[in-house]
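Participant: I'd like to ask some things about the structure below.
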Amino acid sequence: MKSAYYPLGTFVVFVLGWYAISILFEVPAYLLPRPEAVIERLGQDFGYLMRHAWVTTYETLGGFLLSVLIGVPLAFIIVSSSIVEKAIMPWLVLSQTFPKVALAPLIVVWFGLGIVPKILVTFLVAFFPVVISTVVGLRSMENEMLELARSMKASRFQIFWRFRLPLALPSLFSGLKVSVAFSVVGAVIAEWVGATEGLGYLLLTANANLDTALLFAVLAILTVLGIVLYYAVEMFEQRLIPWHASVRLKEVPAL
Amino acid sequence: MKSIIALEDVSKRFGPFTALESISLDVAEGEFVSIVGTSGCGKSTLLRLVAGLMPTSGGSIRIADREVTGPTDDVGIAFQTPVLLPWRNVRQNIELPLEVRKLDVGRHQAELTRMIDLVGLRGFEDRHPYQLSGGMQQRVALCRALIHDPSLVLMDEPFGALDAMTREQMNLEIQRIWMETKKTIVLITHSIIEAVFLADRIVVMQSRPGRIASVIDVKLPRPRSFTDIATPEFQDACNQVRLLMNATGFTE
């Protein structure tokens, strides 16, 4: 638990800096509310904020899970067939240069204002890292490892489940971590396009009313949501691949 | 002696590049054969052909009188790198071929324990590869190659990356395993001393295209020890190999 002191220290420095700026430069509250005003707001409207936070969490998780459920099998298909890869890969890459956010209004037109369009937009934003990292992971088997498997007369199925997939997990997880962070962004964007609840919706209303204290409170909750989800994925990772260097040697400086 | 491997006029081409040309060689049952040659002479390719990991471009390879068309059950392979599965501990890594081949893992437990003792890994059964030194990892790989009790073992420079001390120790262990189990072993190496120390016969290869330059009999008594290296007989054998390699364009 000691490792938590460091980020908390950074946080305290950040808040103190914020406090100092708002006092020293006498920044008006509608531009930059003081930390205590935000904390007060968080306490005052806690139930209200949590209700909206729950909606956004739900959308984020929905989009993320859909990304995993579609992204991982899609990667399986891509690495198993060069024809499929040639047919799909360029379009996948193209879809990433395309501003997916621009599709959000269309998706709202098609699917209305409910939860479905939110999950779909989140999925669009979050699935690509899952596909790419899984493909890269599944391809990262050394030739000698493959020869070892073949020398044992392993079937295609065995090579995949016993060798390739476990070897792909480290890469897959780095993709999942990026994806879960993108998911929060996706859910907020989806709510901006058309929603009646959720943290993204609250951001828009707070903005319209110049209610910066509420705006900051929502941003704080979004940050916490992102961090919690990220570390949830990381916990899974530590359970599943304790053998990998990125998990084992976390404490060693890389530069 | 009955031959377990019979190579007849074997060749291997990669596109326009000829890696191996007219290789003919018989290896007798229970024999220890070392293959030496400079880098790029095709010795690793030759081993992969015998292992059935790649098809020949010409000629025939027979193992125990059966044409090689793919990996054979009765063969164990040790590669240049240990290629251990990092999520499995020592015991599980050694058991891997049994599981993949759908053999009864339980029935091999006594054999597994004996092998772990034989290569000095007792007490390390539950460690993971990253907790082992390079030499220990290679020992695990060796046990894995031997666990299904193949009569033929192919080794592709398994000790190339080890330091000199560990390497000598591994050579002694290989000799002991070979003398105990009477398996046929084909060892690829670029160390002349290693080749002479272990082999009954040494196949010297030359490159471009890969061919057998000569086959040398090593008639030193067994078991051999590293204190024998200074003896004239050992030096003679080493010099013979070295002269051949020099003659084929290998410069020291």
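Any Cβ shown, glycine's included, is placed from N, Cα and C.
For A:53-233, the entry in TrEMBL reads domain 'ABC transmembrane type-1'. Per TrEMBL, the feature transmembrane segment maps to A:5-25, A:60-79, A:91-113, A:119-138, A:159-192, A:212-233.
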Participant: So what's near the transmembrane segment (A:91-113) in sequence-distant terms, Cβ-Cβ under 8 Å and 6+ beyond its ends?
Facilitator: 120-121, 124-125, 128, 131, 189-190, 192-196
Participant: Restricting to CB pairs under 8 Å, which listed stretch, A:5-25, A:60-79, A:119-138, A:212-233, is in contact most with the transmembrane segment (A:159-192)?
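Facilitator: It is A:119-138 that shares the most Cβ pairs under 8 Å with the transmembrane segment (A:159-192).
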Participant: Are there residues at least 6 beyond the ends of the transmembrane segment (A:5-25) whose Cβ is under 8 Å from a Cβ of it, and what are they?
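Facilitator: Sequence-distant neighbours of the transmembrane segment (A:5-25): 32-35.
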Participant: What residues in the same chain, six or more past the boundaries of the transmembrane segment (A:119-138), come closer than 8 Å to it by Cβ-Cβ distance?
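Facilitator: Non-local partners: 59-60, 62-64, 66-68, 70-72, 74-76, 78-79, 92, 95-96, 100-101, 103-104, 107, 111, 164-165, 167-176, 178-180, 182-183, 185-187, 189-190, 193.
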